[in-house]
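Marked as compositional bias 'Basic and acidic residues' by Swiss-Prot: 765-774, 1232-1241, 1287-1296. The annotation compositional bias 'Gly residues' is assigned in Swiss-Prot to 994-1003. Feature annotation from Swiss-Prot assigns disulfide bond to C1571-C1603, C1612-C1733, C1655-C1689. Here Swiss-Prot flags 1072-1127 as domain 'Collagen-like 4'. Sequence annotations record features per position, and here Swiss-Prot assigns domain 'Fibrillar collagen NC1' to 1541-1735.
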Amino acid sequence: MERCSRCHHLLLLVLLLLWLSAAPAWAGTAPVDVLRALRFPALPDGVRRARGICPADVAYRVSRPAQLSAPTRQLFPGGFPKDFSLLTAVRARPGLQAPLLTLYSAQGVRQLGLELGRPVRFLYEDQTGRPQPPAQPVFRGLSLADGKWHRVAVAVKGQSVTLIIDCKKRVTRPLPRSARPVLDTRGVIIFGARILDEEVFEGDIQELSIIPGVQAAYESCDQKELECEGGWRERPQRQPSHRTQRSPKQQPPRLHRPQNQEPQAQSTESLYYDYEPPYYDVMTTGTTPDYQDPTPGEEEGILESSPLPPPEEEQTDLQVPPTADRFLTEEYGEGGTEPPAGPYDYTYAYGDDYHEETELGPALSAETARSEAAARGPRGLKGEKGEPAVLEPGMLVEGPPGPEGPAGFPGPPGIQGNPGPVGDPGERGPPGRAGLPGSDGAPGPPGTSLMLPFRFGSGGGDKGPVVAAQEAQAQAILQQARVALRGPPGPMGYTGRPGPLGQPGSPGMKGESGDLGPQGPRGPQGLMGPPGKAGRRGRAGADGARGMPGEPGVKGDRGFDGLPGLPGEKGHRGDTGAQGLPGPPGEDGERGDDGEIGPRGLPGESGPRGLLGPKGPPGIPGPPGVRGMDGPHGPKGSLGPQGEPGPPGQQGTPGTQGLPGPQGAIGPHGEKGPRGKPGLPGMPGSDGPPGHPGKEGPPGTKGNQGPSGPQGPLGYPGPRGIKGVDGIRGLKGHKGEKGEDGFPGFKGDMGVKGDRGEVGVPGSRGEDGPEGPKGRTGPTGDPGPPGLMGEKGKLGVPGLPGYPGRQGPKGSLGFPGFPGASGEKGARGLSGKSGPRGERGPTGPRGQRGPRGATGKSGAKGTSGGDGPHGPPGERGLPGPQGPNGFPGPKGPPGPPGKDGLPGHPGQRGEVGFQGKTGPPGPPGVVGPQGAAGETGPMGERGHPGPPGPPGEQGLTGTAGKEGTKGDPGPPGAPGKDGPAGLRGFPGERGLPGTAGGPGLKGNEGPAGPPGPAGSPGERGSAGSGGPIGPPGRPGPQGPPGAAGEKGVPGEKGPIGPTGRDGVQGPVGLPGPAGPPGVAGEDGDKGEVGDPGQKGAKGNKGEHGPPGPPGPIGPVGQPGAAGADGEPGARGPQGHFGAKGDEGTRGFNGPPGPIGLQGLPGPSGEKGETGDVGPMGPPGPPGPRGPAGPNGADGPQGPPGGVGNLGPPGEKGEPGESGSPGVQGEPGVKGPRGERGEKGETGQAGEAGPPGPKGPTGDDGPKGNPGPVGFPGDPGPPGEVGPRGQDGAKGDRGEDGEPGQPGSPGPTGENGPPGPLGKRGPAGTPGPEGRQGEKGAKGDPGAVGAPGKTGPVGPAGPAGKPGPDGLRGLPGSVGQQGRPGATGQAGPPGPVGPPGLPGLRGDTGAKGEKGHPGLIGLIGPPGEQGEKGDRGLPGPQGSTGQKGETGIPGASGPIGPGGPPGLPGPAGPKGAKGATGPAGPKGEKGVQGPPGHPGPPGEVIQPLPIQMPKKTRRSVDGSRLMQEDEAVPTGGAPGSPGGLEEIFGSLDSLREEIEQMRRPMGTQDSPARTCQDLKLCHPELPDGEYWVDPNQGCARDAFRVFCNFTAGGETCVTPRDDVTQFSYVDSEGAPVGVVQLTFLRLLSVSARQNISYPCSGEAQDSPLKLRGANEDELSPETSPYIKEIRDGCQTQQGRTVLEVRTPVLEQLPVLDASFSELGAPPRRGGVLLGPVCFMG
């Protein structure tokens, strides 16, 4: 036997060496588990565990927000293999088309990828760019996105790629790559996504591996697997566990034994080979020699498994009890078939790196091939923690796997020991064949597992001793380890049977006072009693019952929020809600359940060996033991019958209290139980809601006047009566004490108008109420007296545009305004001429250190550096401090419904809720024992009248009465007295215009009215006849330059003048007259109230209004006489309830009975409990003004205040962050004159010189071409308030309005009176005499007793202390306008309010005064082709030009009319002689006139061309066309060139408009979509503010942004710091709409925004959190798109600047930034946001 064992050792060593020598070239490159490399087991954001292909497998569910990537070099440090296999097990979301894995180079080129969906794409591009995209392999007709699990293998070899799906489909496609393809590993590998692509992988993945060579892909299907249920299966490579794994490997060359040798059994001792690729601990076996027919009896268990077909559906995992040196045993048939030579590895790991959660389902126990015939036991309950096991000989109990330890180096095989002496036969035989175990309970926490190689005896010798030395050693070590097999708590048991009935409890404590009972029936109306003494201050009473429905009132103000509604029925369990904001830290909870098993810890140091412990108590039965020693082979037995179930086990220790189970379904209704005894009277319930009103009874006949009854309780308010006659004024009563303010009552009817009160202190302005609905139009009332000056109203709704008004007169000069805010930076001016170079100044002193410069632009990306040498491993650092809590992650997918939690602490007693709906009948309770009879309690106080009795018996049906005849109409009633004045009706609809009245009498001559507005300019008059020539006037001032005329015909040659010097710039021209009226603007803000108008004439008497509200309650009447005393009647016994009768008709009110006699005073009773709240007393008189209350809570944000006075200058702020590039600066000041330079070379012809002295007035020149359209000017300042207009005439009285619509039905009426008592029922059987009952609970308050005799009036008590302020009452009706209060002292200037919303566009203001000359604006876009302008005034005579070239001979001109003779002009300077020109054609002879005198200078400046009325294209002056084109013959027949000019002008204008649409200019009228568009159309534009309209369409919603052309055309929107979050506005402060921002994102590729914050303590204590526009939370720790471009916190000074630059455009702009929880009150700590810039 020893020799045989050594043979095995040698054989295994030879096999191992052969395997190593035959290993392929990539043996140095290990297989790569991509999931482990991307840290899937750590469950990063967007990844959570899920069930794999088999219930026990672990897969990972990947959702959209996951961002999983790693450097490629980290996975493939030795380079990416040329030929490789890619294996995965995946289940993708149905309909998905997304990448599973993408590998990028360092330059961002996609080199490798697998895209799932329909079709499946394999992407590959080597260093030469091959294959080209058209040649990329596409597997059409295949889909991996169908929601099912698929095993996918991709084999890449040479020039082809093969796709294997589920071991069934195998498709090969060509892959034309280069001969030596190389993939760059300096980039990144990304799971489930592509850069700048929105499609991401969503689904489950169990395995993703890349293995060098293609064998792994083909052999992945050669392995045989059974179904998940009940057999062996392959564990995926990426889940090392305690289970044996098989992984495909290269087939080593087999050994062939010589034919003459006997086959030798393989050694059962495994050989460890320390092969440690990253992420794997692999144990390899040798390969069995290739032989046939092993001899029975010699065969031992081996590690390979026979090939089986691949699984069809689910596969389950297998847990193998480790045996001594046998990790897997399979049985083969008697024929001794060959176990396959194994092309497999076996991965074996100590401990448990296999994190399995309870939700994955229980792991299934091992089921061997021959145990299939055994009976399957029932599923066991979850076990409790067992006691430490006692290991019997031959048994080894294995706990669940512990954490995975590191693989040790293999030791050399030990020498086989000598067999021990033959011992006595052991008592215990080998265990029998195990039956099918029941389903495991949930796994317990991990125990300790030890694998010890036991010695095997020889197969043929006698049976040796059961316990060998090694086994005894194993038992000792196992006893020290105390294998822990405690499981988690078992499931909750079933509900137990009801316990026996308990004894009756002891009498309880006296209960609290009951709530106020129901309100009694309404008493008769009593006489008005005398004024009583002031009562003690009562508690607020409950609301009274609902009154009779009144007439519909006017719509009231918005009410307070209503009370909560009745509790609804319990709904179904809702979906899991979105993750809420983190709440405040709670109190320490109870100790939680055991957490998940943590990651593998570092191996600890070996401890000293412990002493042998005492023998433990017997444990619970363990799993099936190890297989016993083989006995001599007996004949195969037949299958035995199923064994009987064993005896029940010992009672386990009770488990810990389980969590409450979920609420069960409602059970079926039980049978009706026996009638219980009447229970104790319950506590009085809270007031119920008012009942429905009863039917209105018929009116009764009027009864006789009965004697006056006692004063009853205050009844409900009666219906509104007609106004009675005024009674006698009663005596003034004593002033009562001030009562507490009651709860606010319902809103009463409007009272009559009170007397005018004294002038009150001006109150603070109340909050604006909500806008009420528009009322119906009432009749036009008389004009009222002039109102007082009201406060300035809020900004109204913009009205319709009015008609254009006439031009008003110029307003008087206003007061100087406050200094305005800094204006926006002006446009770039024209560059000035460079000044002469100055002399060199003296050297200045050394300047101070400048501030820190702005961060420069990011430099170009450097080339990737080479790998540095690996440094030595550092010492293990101390554990760092606990970091701050991370941000809440994004919202995860809905988790499974959680278990019901423990019941919470009982809350405080809630207020009495509304009456709930009648619940379903509860199940009958357990019948309690009959209680002892209680003692007879004292007689309770008289209770309230009981509820209405049950209906009486059915009365006899009366005979139907005859229908009465219709009565005659009664006489007309006398006209009633005038009712009180009614409420003012709604204004009626506007009446039709009345007929014109007759001419009135001539009135007195009124005072002179204010000057009327300037009239509109009249039409241009016809030209007057020419006057005589006036005397020559004084030379006029220099006139403005005229518009440039069209180029004239070359003139005759003039004399050459001397060259003039450069002139100075001329003065600014005069302002032009006002332009035509503009389009009517939108309504402006409400102006200041004007002075009160004159008193209007007295109007006609109005019609009677509707009846007014009822008047106030009259004074208290005199006390009536006391009635006679009545005798008290005997109290009768209380009858039993009869059967409920039908509701009878309502009886008449009986007369009040006489007053009873005064009863004797009763004995003084015990002090009662505190009474219930009484009904609400009448409101007391207003108390004195209380002291000022504490400051109230912060109210809602008020409307924006007006702009306050300019505040004092603030302290110097911190340096701001680097802003966007500024606009180009203004030109610098002109430099000093330089020294005289040398004479230059002859220059080109200079420009026209400065204007010369004014020449004589020339003829009108032709109309010039229109100039370019300028930028829109700023709106002028508003004009001053004009003088007050005269009062308007009195309007005619309008017609009566139409009758109103019927009102809505009133509320339901009150409950009817209680019905009569039913008939008395039969007497019940007498009950047993009860015991003395306990003291009863306090009875309901008795009925109101008869009033006592009126006592004498007591002395007035002292004034009570002022009560606390009551609750705020409902808003009262609007009072009259008070007198104006005295002018208060001017308050201090308020803080500057936030900038208000932009106002509506105002009316066109009056023409402003002439402004200062503006800076020269930017060159505007070319304007539309205008019509030809009118002829301008003659310009000043220019300096003499250089001699022109000889012109072309002109055509002969027409003969001109003769001019009047003029005076001879002064002789001009002699010009240079010109070159002789060619002879012109002979002109027609004109009438030669003598030269005329120069005309007088004009007094009136003629309109400049820009001031002429603008002509439309359709109003071209034909006569002007004739003048302007002298070649046109007079008459201008149709079809002449003059007729075409209008057509060409229109075409030109159309062309320019289209050009503006194609090439927008960035103005308000021609906005671009983005700044990128502007840059493309006008690359010469400088950085600055321009108008954009991303959504196109109407340009009214365009907004102004900063265009950063320097950065490539970024569109930048500026934020505004609001109270709760940042909002985004354009350059003028108007908010940018959400739609415009959305379009801006759609038009952009990326966006960036800077955030800066000071380095305060808060910034260092808690991280900055940002909330993006898509509500996602961003932080520098979690987002890869946030870069820190300046860190001022390292130096403890300055600010830190972060830049968010993201392709996920939905994340910007940032809406909130805080160091606290987002959405909480902001703790921004000085956070500043820069503009958000979108790059198109």
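Numbering starts at 1 and runs along the chain as displayed.
Glycine residues also receive a Cβ, built from the backbone N, Cα and C atoms like all the rest.
Between the alpha carbons (Cα) of C1603 (disulfide bond) and C1655 (disulfide bond) lies a span of roughly 31 Å. When the Cα atoms are compared, C1571 (disulfide bond) and C1612 (disulfide bond) turn out to be 9 Å apart. Secondary structure at C1603 (disulfide bond), as computed by DSSP, is strand. The disulfide-bonded residues considered are C1571, C1603, C1612, C1733; of these, C1612 has the fewest other C-beta atoms within 10 angstroms of its C-beta. When the Cα atoms are compared, C1655 (disulfide bond) and C1733 (disulfide bond) turn out to be 25 Å apart.
Taken residue by residue with DSSP, C1571 (disulfide bond) is part of a helix.
If you take the Cα of C1612 (disulfide bond) and the Cα of C1689 (disulfide bond), they are about 28 angstrom apart, rounded to a whole number.
All protein chains shown were included, and the count of other CB atoms within 10 Å of the CB of C1689 (disulfide bond) stands at 17.
In the three-state DSSP classification, C1655 (disulfide bond) falls within coil. The two recorded residues, C1733 (disulfide bond) and C1689 (disulfide bond), show a Cα separation of 26 Å.
The average pLDDT computed for the domain 'Collagen-like 4' (1072-1127) is 58.
Other C-beta atoms found within 10 angstroms of the C-beta of C1655 (disulfide bond) number 19, with every protein chain shown included.
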